[in-house]
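Over in TrEMBL, the protein carries these features:
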- B:Pro81: site 'Important for tRNA non-discrimination' (SITE)
- B:144-435: domain 'Aminoacyl-transfer RNA synthetases class-II family profile' (DOMAIN)
- B:Glu167, B:Arg210, B:Thr361, B:Arg365: L-aspartate binding site (BINDING)
- B:189-192: region 'Aspartate' (REGION)
- B:Arg210, B:Ala211, B:Glu212, B:Arg218, B:His219, B:Leu220, B:Glu358, B:Gly406, B:Leu407, B:Glu408, B:Arg409: ATP binding site (BINDING)
2 protein chains.
Amino acid sequence: MMISRTLAADLPRHVGERTRIAGWLHRRRELKSVTFLVLRDRSGLAQVVLTEPSAIAATAGLPEETVLDVVGTVTANPQAPGGAELTEPTVTALSDPAKPPPFDLYRPAARATLPTVLDHASVALRHPKLRAPFEISAASVAGFRATLDELGFTEIQTPKIVESATESGANVFGIDYFGRPAYLAQSPQFFKQAVVGVFERVHEVGPVFRAEPHDTTRHLAQYTSLDAEFGYITDHRDVMVVLRDVIAGMVASVAARAAAAVELLDVTLPVVPQAIPQLHFAEAQELLAANSGEDPRGEPDLAPAHERWLSEWAAREHGSDFLFVTGYPMVKRPFYTHPDPARPAYSNSFDLLFRGLELVTGGQRLHRYSDYLAALAARGGNPAAYESYLSTFAHGMPPHGGFAIGLERWTARLVGASNIRETTLFPRDLNRLSP
Amino acid sequence: MMISRTLAADLPRHVGERTRIAGWLHRRRELKSVTFLVLRDRSGLAQVVLTEPSAIAATAGLPEETVLDVVGTVTANPQAPGGAELTEPTVTALSDPAKPPPFDLYRPAARATLPTVLDHASVALRHPKLRAPFEISAASVAGFRATLDELGFTEIQTPKIVESATESGANVFGIDYFGRPAYLAQSPQFFKQAVVGVFERVHEVGPVFRAEPHDTTRHLAQYTSLDAEFGYITDHRDVMVVLRDVIAGMVASVAARAAAAVELLDVTLPVVPQAIPQLHFAEAQELLAANSGEDPRGEPDLAPAHERWLSEWAAREHGSDFLFVTGYPMVKRPFYTHPDPARPAYSNSFDLLFRGLELVTGGQRLHRYSDYLAALAARGGNPAAYESYLSTFAHGMPPHGGFAIGLERWTARLVGASNIRETTLFPRDLNRLSP
């Protein structure tokens with residue numbers, strides 16, 4: 001009779017039983033009269049003990065990473081991973097003998113350069129420490145959705161092929177669409193706003209595309225955007241309240257669903273304050289001018305160095321890994337941004353900084369058709385180019401806003417990766433189009 | 001003091017209280033001395049009663065779909081939607097007066113042609129009956145993920161821009177990728193298989209792209225694929241067991257999360273049998289030859305009419321809305337398909353038919369590098385074109401398989417939509433690139 005498979009992590013619950021495990025041969029250790037096979041499956045590692053000379057000989061030629069099926073007796077052993085091992089095993093290979101991986105997967109640290117990892121991703125990411133960020137990433141996405149579901153948001157899917165560039169003509173990929181020109185969507189912005197009229201509250205997790213001409217550690221040609229948009233807000237502060245809950249939900253989900261990965265990578269999960277500290281853009285500039293040794297006043301945006309300084313300030317003064325900077329100047333925000341009614345040169349928008357880096361951008365959007373026409377006119381934009389988007393606002397739209405979180409950037413910051421490619425399974429950039 | 005907003009569906013719980021609601025002016029009815037405003041929000045409808053001549057006059061000019069904020073006293077009235085209405089209201093417009101929608105949104109049936117709906121999607125889909133399929137769709141996706149999460153699957157994100165066509169050179173969209181040719185991914189097939197080596201069990205919900213040159217009711221240039229792939233299977237039957245649970249989970253999620261939409265559209269949810277009936281492809285052909293009046297034996301695939309006949313057979317003979325057809329001829333399956341070891345002209349693959357339509361394709365894949373080289377050689381394929389994909393299999397891969405469900409097709413079949421565009425927010429096809 002076929003014995004169903006037991007995961008490595010569950011072995012201790014089967015001591016004394018004849019049990020089947022299956023996994024990759026993570027490591028073989030040959031002692032004088034005993035050979036240990038360490039198998040790796042999705043739950044962890046399991047040790048198999050071979051003492052019969054014929055059994056040792058039969059597995060002697062099997063290289064690491066070969067896939068094995070092992071039936072044996074579960075025996076308690078405090079020195080084995082998890083406190084139990086398989087003895088008296090019958091070993092069957094499920095794959096051909098494996099070609100050696102590009103670096104040793106069994107070593108506690110992954111001794112490989114980033115290009116080696118990326119070139120051989122489907123093998124390299126088997127290393128538990130290289131796989132762990134993606135478990136944290138998956139748990140983060142689950143937390144994002146769970147929080148918004150609870151708040152009555154509806155999940156949507158929007159087109160990734162669009163007739164014209166979403167926000168600007170720059171950095172878009174062109175497509176041959178049945179002989180017509182089309183583009184890959186830089187964001188679901190227009191679509192998610194449009195369906196606020198249908199569902200009130202929507203979220204989408206999906207790919208967005210930027211033809212980034214620069215090769216940096218934090219830009220990709222495709223990344224995963226966690227988008228939310230909702231109506232019936234007073235202003236951007238309502239959006240910040242929801243975003244705070246979403247971030248807290250993501251952290252809680254990582255703690256609950258990816259605990260082993262968090263431990264393996266020695267990640268310190270952030271505490272999300274009930275009220276994340278916030279600074280108005282103008283206040284932030286004053287603070288920088290008074291304390292940072294630089295005077296950025298008059299600049300329309302914050303430089304990365306300023307974001308780092310402000311993040312350190314928030315950690316020092318408020319004990320927070322997060323900081324909202326609100327009220328960015330309208331001149332640096334897209335045309336659909338809602339101005340601050342009291343100070344129209346500033347916007348009802350925000351960035352959320354996390355450990356020194358801009359992680360989320362969001363804010364209130366315009367919701368009146370007449371305001372859109374005026375905003376486009378003031379910027380020299382052509383309303384005809386946005387006709388189907390704009391028409392929605394003529395049909396009755398509530399005050400609304402939303403935000404977008406870059407998933408790979410979030411995970412990179414969380415696990416302390418210096419390059420966003422470490423948290424992307426198969427990155428796409430200026431130079432990389434495969435694997 | 002600002003009163004926080006109450007949803008229409010929650011009004012009955014606030015009888016006697018001064019309460020604020022907000023929504024779209026769904027319908028105005030003017031009687032001799034009373035005007036009724038029916039507001040629509042994401043939870044349903046709420047009635048507002050105006051009796052003061054000045055209040056009636058103040059709202060007289062407001063067209064339907066204008067966004068309103070109403071503060072009033074919740075008063076029980078068995079004839080109002082939900083059994084309660086707002087009296088003594090103060091009405092404030094949150095939007096400019098709305099331009100009329102392309103058809104009446106307040107009528108119980110949506111009196112609009114499909115092109116009108118698609119051209120004005122962000123307004124047309126506000127009609128409760130046109131919105132309902134998307135609530136069912138969102139609930140289906142949630143059920144897909146919840147079922148697989150429970151089974152230890154990890155959510156992944158894979159590239160949508162690829163170096164070469166996934167499965168064949170036909171029907172791919174070309175991109176200008178920083179001056180190099182690239183393509184939009186037709187499926188995550190290669191990526192999801194590759195990371196079975198990393199995570200063992202993976203799922204992804206994401207867009208796939210097909211440059212379909214035909215204008216049909218069931219093909220789109222972009223659709224949403226619900227993908228799963230997992231290792232350590234015996235053969236395709238293990239995949240069918242998981243798929244059965246996933247479909248059952250999707251149906252259960254629709255029942256739990258989209259009950260109002262199911263009721264509004266009068267959808268009969270299918271019962272998913274513990275064991276879905278199945279026929280081998282050869283048996284299916286025999287059955288058709290003996291009973292359908294046609295003889296398809298010798299054909300390598302089933303025609304749509306045959307799928308319908310077989311579905312009716314399953315309903316009649318087994319009381320099932322679902323039917324597995326297994327063992328499709330290898331000649332019609334992609335090169336990575338695992339053959340049936342006992343009858344190598346047939347494959348370890350399946351289709352799942354749902355109410356007459358092919359809904360899911362899946363099966364066991366090859367997992368040995370040598371088998372891939374042989375399969376490509378037999379078909380005249382060029383291994384060099386698949387180098388990075390194939391290399392994974394040289395490094396030790398377990399027997400694995402998976403499936404892909406077309407989300408829009410699933411929802412269409414469930415709600416009885418005759419055109420897949422009715423279950424796609426903003427469809428993309430041969431002729432349509434906006435909105």
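Positions of Cβ are set from backbone N, Cα and C atoms, glycine also.
TrEMBL labels come from automatic prediction, so no person has curated them.
Feature map: annotations from TrEMBL on the structure.
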residue  : record                                       : contacts (Cβ under 8 Å, 6+ apart)
B:Pro81  : site 'Important for tRNA non-discrimination' : B:Ala8, B:Val38, B:Gly44, B:Leu45, B:Ala46, B:Gln47
B:Arg210 : L-aspartate binding site                     : B:Asn171, B:Val172, B:Gln186, B:His219, B:Leu220, B:Ala221, B:Gln222, B:Tyr223
B:Glu212 : ATP binding site                             : B:Asn171, B:His219, B:Leu220, B:Ala221, B:Asp429, B:Leu430
B:Glu358 : ATP binding site                             : B:Glu307, B:Asp351, B:Leu352
B:Thr361 : L-aspartate binding site                     : B:Ser349, B:Phe350, B:Asp351, B:Leu352, B:Phe403, B:Ala404
B:Arg365 : L-aspartate binding site                     : B:Gln193, B:Tyr336, B:Thr337, B:His338, B:His400, B:Gly401, B:Gly402
B:Leu407 : ATP binding site                             : B:Ser137, B:Ser140, B:Val141, B:Val205, B:Tyr223, B:Thr224, B:Ser225, B:Leu226
B:Arg409 : ATP binding site                             : B:Arg218, B:Tyr223, B:Leu357, B:Leu359, B:Ile420, B:Thr423
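In the three-state DSSP classification, B:Glu358 (ATP binding site) falls within a strand. Looking at the residues that bind ATP per the record, B:Arg210, B:Ala211, B:Glu212, B:Arg218, B:His219, B:Leu220, B:Glu358, B:Gly406, B:Leu407, B:Glu408, B:Arg409, the two CA atoms farthest apart are separated by 20 Å. Remark: secondary structure over the region 'Aspartate' (B:189-192) totals 4 helix, 0 strand, 0 coil, with classes taken from DSSP.
Taking the Cβ of B:His219 (ATP binding site) as centre and 10 Å as the limit, one finds 17 other Cβ atoms among all the protein chains shown. The subset of binding-site residues B:Glu358, B:Arg365, B:Leu407 lying near chain A, with Cβ atoms under 8 Å apart, consists of B:Leu407.
In this structure, B:Glu212 (ATP binding site) belongs to neither helix nor strand by DSSP; it is coil. A strand conformation is recorded for B:Arg365 (L-aspartate binding site) in the three-state DSSP classification.
Here the region 'Aspartate' (B:189-192) has a mean pLDDT of 96 out of 100.
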